[in-house]
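Trainee: One structure is given below, represented as structure tokens, and several questions about it will come after.
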Amino acid sequence: MDTTAAAALPAFVALLLLSPWPLLGSAQGQFSAGGCTFDDGPGACDYHQDLYDDFEWVHVSAQEPHYLPPEMPQGSYMIVDSSDHDPGEKARLQLPTMKENDTHCIDFSYLLYSQKGLNPGTLNILVRVNKGPLANPIWNVTGFTGRDWLRAELAVSTFWPNEYQVIFEAEVSGGRSGYIAIDDIQVLSYPCDKSPHFLRLGDVEVNAGQNATFQCIATGRDAVHNKLWLQRRNGEDIPVAQTKNINHRRFAASFRLQEVTKTDQDLYRCVTQSERGSGVSNFAQLIVREPPRPIAPPQLLGVGPTYLLIQLNANSIIGDGPIILKEVEYRMTSGSWTETHAVNAPTYKLWHLDPDTEYEIRVLLTRPGEGGTGLPGPPLITRTKCAEPMRTPKTLKIAEIQARRIAVDWESLGYNITRCHTFNVTICYHYFRGHNESKADCLDMDPKAPQHVVNHLPPYTNVSLKMILTNPEGRKESEETIIQTDEDVPGPVPVKSLQGTSFENKIFLNWKEPLDPNGIITQYEISYSSIRSFDPAVPVAGPPQTVSNLWNSTHHVFMHLHPGTTYQFFIRASTVKGFGPATAINVTTNISAPTLPDYEGVDASLNETATTITVLLRPAQAKGAPISAYQIVVEELHPHRTKREAGAMECYQVPVTYQNAMSGGAPYYFAAELPPGNLPEPAPFTVGDNRTYQGFWNPPLAPRKGYNIYFQAMSSVEKETKTQCVRIATKAATEEPEVIPDPAKQTDRVVKIAGISAGILVFILLLLVVILIVKKSKLAKKRKDAMGNTRQEMTHMVNAMDRSYADQSTLHAEDPLSITFMDQHNFSPRYENHSATAESSRLLDVPRYLCEGTESPYQTGQLHPAIRVADLLQHINLMKTSDSYGFKEEYESFFEGQSASWDVAKKDQNRAKNRYGNIIAYDHSRVILQPVEDDPSSDYINANYIDGYQRPSHYIATQGPVHETVYDFWRMIWQEQSACIVMVTNLVEVGRVKCYKYWPDDTEVYGDFKVTCVEMEPLAEYVVRTFTLERRGYNEIREVKQFHFTGWPDHGVPYHATGLLSFIRRVKLSNPPSAGPIVVHCSAGAGRTGCYIVIDIMLDMAEREGVVDIYNCVKALRSRRINMVQTEEQYIFIHDAILEACLCGETAIPVCEFKAAYFDMIRIDSQTNSSHLKDEFQTLNSVTPRLQAEDCSIACLPRNHDKNRFMDMLPPDRCLPFLITIDGESSNYINAALMDSYRQPAAFIVTQYPLPNTVKDFWRLVYDYGCTSIVMLNEVDLSQGCPQYWPEEGMLRYGPIQVECMSCSMDCDVINRIFRICNLTRPQEGYLMVQQFQYLGWASHREVPGSKRSFLKLILQVEKWQEECEEGEGRTIIHCLNGGGRSGMFCAIGIVVEMVKRQNVVDVFHAVKTLRNSKPNMVEAPEQYRFCYDVALEYLESS
């Protein structure tokens, strides 16, 4: 049977064996075509014999005789005699095909008879459906049934368009004896009355490998007792799996075929059998489908590090369709797990794959039905690309540090780091040394090696190392690690720096540190020995001597040396590693003058005449050089000339002959010069013997004159000459006639005296000119010396701050700079150099103006003299004793009230122009405006000229404009050509109007002036506004800047002067040299205005002269305007401000100069073993205010003790952020302080890490002060009382504050969490979005973070978030363990970054000083202070 016919089989057949009763009821029914009584033979009924069987049925007719035994029934019927045929042969009789769409009952008679009672064979009934092949019999009977007819029914249902044909088949058995007969076949057009039958059995379709279930539903009487089975077309029986009664006339039977395959595909039918017969269903087909499978593997379209793009190639398949699902199955070829994704498109992108990994990809196809998924298709084996490395090794450690090599260890570079199986690791390093020497290099290394050595490094040098991990797709650089190489022996002392200064018996040797110290110099060793001498008596073969100097002593005095002797010095430096190579120098001591015998008390005169005197000459002893000559000098005695004392004296260095002495008027002459060989032993010599000795004439002495006779010994070596002399005799005048020398040997004395006189006059004139020049140069040098010594004086002041003031008189007496090195060693050079060179330094880096005079512009009185800058600290401390009695006394000595006429200001028409009736302009110094036409009184404005430092009328002090004077104010600005306005008040203070707003926010017209605000720069303590000023009728646009200081409190004076000093410097830098006066005003134009002007003037004076004269400056200002500097508190504040400026100096560095300046700042001074950066930090510590107990009174209250982590790190009362939200009995105190940023006051809140009992207070602080950022700089550590104070997910309530975690992400060293918080006591205020930045890059045991770059990135991330939230107005909370060093460093760097953006300068000192003014423990360690500089440099280099 073909598949189509079998699938459409609609007939249900039921067969029942009846009892051998005659059919009674059937005759009453309606007959249909197909029945036959065989009276006229089978042909008449359209019955046919099968053409393909073995033999045929035989027709027995009642009208014809037959051969049958007599016991056979009478009548007409069809019969088969089995004895005539072989066993197994079959005869088939075919009924007509039935097509009616109806239910039929086929009723017939049959018998199987054998005379011997044997089995005649089998009667089968077959049904052919739609002319298909024959199936197995649907009913059969076999064996002997007797000679009586039996009746049977067959119930059949036919459904159009199907048809069926019933076939009676007689099969001969092995007995071959008997007869098989059928008769009286009736086809009824209604169901059988007693025959059970099956409903239509449907086809079953399953996928290969699944279970197939056929369900047969049977109806009829007693059907529940039937036996059931499923019969395959080939006869295989399958037992019933389950039966279920539907009702009393119907039941269902299930048949299950396990895990079918294609071989199980066939036709199946249900068979039921009871005591009355059997029932058989139609054939239903079991259809087995093969699940589909792709023929080709997927095709690769694209590849990346974490994805693969494929085309499924699922159109060509093996198996059966339709395809209802496509899936991609993939796995790592090195792994066992698989993952499957459903696909709805012809292409698919596999995401989240591992880089550089081989994957096997297959396609799965699914058809309908259970088990419809076929086997995976052929695999595509491919590999992803490499990805950029995840990071560099975190555990970069130094395994070994030597002087010239560093061994580096790092963690194993696993795939999770490299993201590629092919990668390179490079170590790059660079370093800077002195003398602008630097080196940078990169070394490739074995990736599998756990250690690498960097060689050829300089000793004791900070080497910056970083690791670079590279693969084909990218690279990752580690943060730089700075390692200092070990010390080594130092290099040689520079030859050029080695200098020796010779004396007769000592040598002063000085040198400089080796160019390559290779560490910290611990000492210098100098060995020396004599190698030759001009004095033969000096031994030169002795052993060398050795001396040692400390590291900071680069000079030495070698005493007790031999004159005229050359010494060889070998000097070498030492570190902890030992001595380096030596540097040699030869230095020769000066020769000494010969030593003459002592003539004191000895009469050397042997004989004396009127014209001669004979003396005893004794030989001298050479000292350092042999005697070159002996000389006899004759000095004429004059009555008015002081006699020389006997013994050692100034010798006569210039040899003068008798002739030259007579012609030149010299008081002495050389009578003789004797070679040393002429005086081996004492010998007499006659002075005046009229002989010549070595070119010197020894003339007879004049009898009437007295003479002193001197004996000189001279040594001379290599242009060095030393002379020793002694008076050995005196010859008195006699009464004998004067012996006139030979005229031939004389010259005209008159002519010579005249020449000498003229020369003397010329010399005197020249001397006067030189004196005038020197005096003028000294006056000009006065200012330079004052400026040059300022920094030295500042150093003394800073050092003095931590000393006791018990003996202030010794402060300068012990100044080591006041005693030179030569003085300490009793050196007396022949020509003293009185000029001193001082280091040039700046007190204030601002523009200066040249001036003619050098005197102070103020009259310094005897009772109030100017104070040296170096004495200022001592002076202020003295004045502050006894409750500042000194300041009180000084201030009260000022004249209070009106000191000059102010008639113009008092006029009625000007009264409205004065804010206060008692602070108005003096007539003599008032600013006179050019009158407006037709208004003669319009020349008045309440303003006075004030002289600056050596600049007349450099300032204009004025009141804060009132509404009536705004136009006058701008007239004054235009008339005076002022470029800067300084405003030292707020518009309203304590509810009172202090100044009318005289400027526009955009553009405003005041009379004939148009003022436009073009720029506004708000800063924490002041605002800079830039205006353009235009006047009707003038083709000119001027720029005017207003500097508005907002940091002056409503009462008193600023707590510190740092902000005001920065403000003053900014004004100085902004005021053009050619501009007119600086206009300064507060409210009245007296108190704060006076403070500003006095500080500005005194800072100029301190720089120019090294002194300050505050008292007389205030006095001078009060002569120009009434009550300038209005309170004693302001007067003291001026002193404190100038002291702070002098101590701190100018620390701002322009961006363009920062890198070079910074490297200079960190360079170690070999003399002091310190650096400028270290000194700056010490200065910062010295000027940091110390908090007293009364400053922190609220934090010290007993109820607040348990809210403080450390009782020595408390916030001052003036900086406390008091909590607003009420939380039961809890106080409004929290250990936190408000801090200014660069642009915004109180922008930072610095606090300690919340304690377990202050977590609720912390969240109250966040909400009450609108904090949109939380910066966390330490770790959660329960052992230190640092709990997790936030919810990791979901929502938690902390007192009245509800905190909900919205998201959490990580970026490098920062975990970012966004919280949404609300105040449950004030829900109408809505939510506040807060982002927490938890910084992970700062180990608890380190003073500074491990990476400059990551810390800078943190600051910039916070800054960006702040700009996005709350229109940039939200505050930032920064906390670390104690709310000090780490938090301060974050704030300081944030200020510096803003400073660079706004002003292009770097001023770390000012940033930290500003923070410490509020809380002294900001930036605690020198490492943190230097790190601020390092990050500033990192920011400049990266931007």
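Cβ coordinates are placed from backbone N, Cα and C, and glycine is handled just like the others.
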Trainee: Among GLN977, GLN1126, which residue does Swiss-Prot annotate as binding substrate together with ASP1050, CYS1082, SER1083, ALA1084, GLY1085, ALA1086, GLY1087, ARG1088?
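Mentor: My reading of Swiss-Prot gives GLN1126 as the candidate in that site.
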Trainee: From the candidates CYS105, CYS270, select the one that Swiss-Prot records as forming a disulfide bond with CYS216.
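Mentor: When Swiss-Prot is consulted, CYS216 turns out to be bridged to CYS270.
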Trainee: Of the residues ASN424, ASN1319, which is given the N-linked glycosylation site tag by Swiss-Prot?
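Mentor: Checked Swiss-Prot: the N-linked glycosylation site annotation sits on ASN424.
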Trainee: Within its own chain, what residues at least 6 apart in sequence put their Cβ under 8 Å from the Cβ of ASN590 (N-linked glycosylation site), listed in sequence order?
Mentor: SER502, PHE503, GLU504, PRO563, GLY564, GLY624, GLU720, LYS722
Trainee: Between ASN140, ASN211, ASN552, ASN607, ASN690, which of the glycosylation sites has its C-beta surrounded by the fewest other C-beta atoms within 10 Å?
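Mentor: Least crowded of the glycosylation sites ASN140, ASN211, ASN552, ASN607, ASN690, by Cβ count within 10 Å, is ASN607.
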Trainee: Closest of the recorded positions to ASN424 (N-linked glycosylation site), Cα to Cα, picking from ASP1050, GLY1087, CYS1376?
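Mentor: That would be CYS1376, nearest by Cα distance.
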Trainee: With Cβ-Cβ distance below 8 Å and at least 6 positions apart along the chain, what are the contacts of GLN1126 (substrate binding site)? List them in sequence order.
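Mentor: Long-range Cβ contacts: ALA1084, ALA1086, GLY1087, GLY1090.
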Trainee: Using C-alpha positions only, work out which of the recorded positions ASP1050, CYS1082, SER1083, GLY1085, CYS1376 is nearest to ASN462 (N-linked glycosylation site).
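Mentor: Checked the recorded positions ASP1050, CYS1082, SER1083, GLY1085, CYS1376; minimum Cα distance to ASN462 (N-linked glycosylation site) goes to CYS1376.
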Trainee: By a simple count, how many Cβ atoms lie within 10 Å of the Cβ of GLY1087 (substrate binding site), its own Cβ left out?
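Mentor: I count 22 other Cβ atoms within 10 Å of it.
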Trainee: For ASN586 (N-linked glycosylation site) and CYS1376 (active site, phosphocysteine intermediate), determine the Cα separation and express it in whole Å.
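Mentor: One finds 62 Å between the Cα atoms of these residues.
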Trainee: Within the domain 'Ig-like C2-type' (196-281), count helix residues (DSSP H, G, I), strand residues (E, B) and coil residues, in that order.
Mentor: 6 helix, 50 strand, 30 coil
Trainee: Let me know the most crowded of the active-site residues, choosing from CYS1082, CYS1376 and counting other Cβ atoms within 10 Å.
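Mentor: Answer returned by the neighbour count: CYS1082.
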Trainee: Within the domain 'Fibronectin type-III 1' (294-389), count helix residues (DSSP H, G, I), strand residues (E, B) and coil residues, in that order.
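Mentor: Final tally across the stretch: 0 helix, 43 strand, 53 coil.
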Trainee: Take the Cβ of SER1083 (substrate binding site) and count every other Cβ within 10 Å, whichever protein chain it belongs to.
Mentor: 22
Trainee: Please report the distance from the Cα of GLY1085 (substrate binding site) to the Cα of ASN211 (N-linked glycosylation site), rounded to the nearest angstrom.
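Mentor: That separation, Cα to Cα, works out to 106 Å.
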Trainee: Given the model, what does the mean pLDDT over the domain 'Ig-like C2-type' (196-281) come out as?
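Mentor: The predicted confidence over the domain 'Ig-like C2-type' (196-281), as a mean pLDDT, is 82.
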Trainee: At the Cα level, what's the spacing in Å between CYS1376 (active site, phosphocysteine intermediate) and ASN416 (N-linked glycosylation site), rounded?
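Mentor: With distance taken Cα to Cα, ASN416 (N-linked glycosylation site) is 32 Å from CYS1376 (active site, phosphocysteine intermediate).
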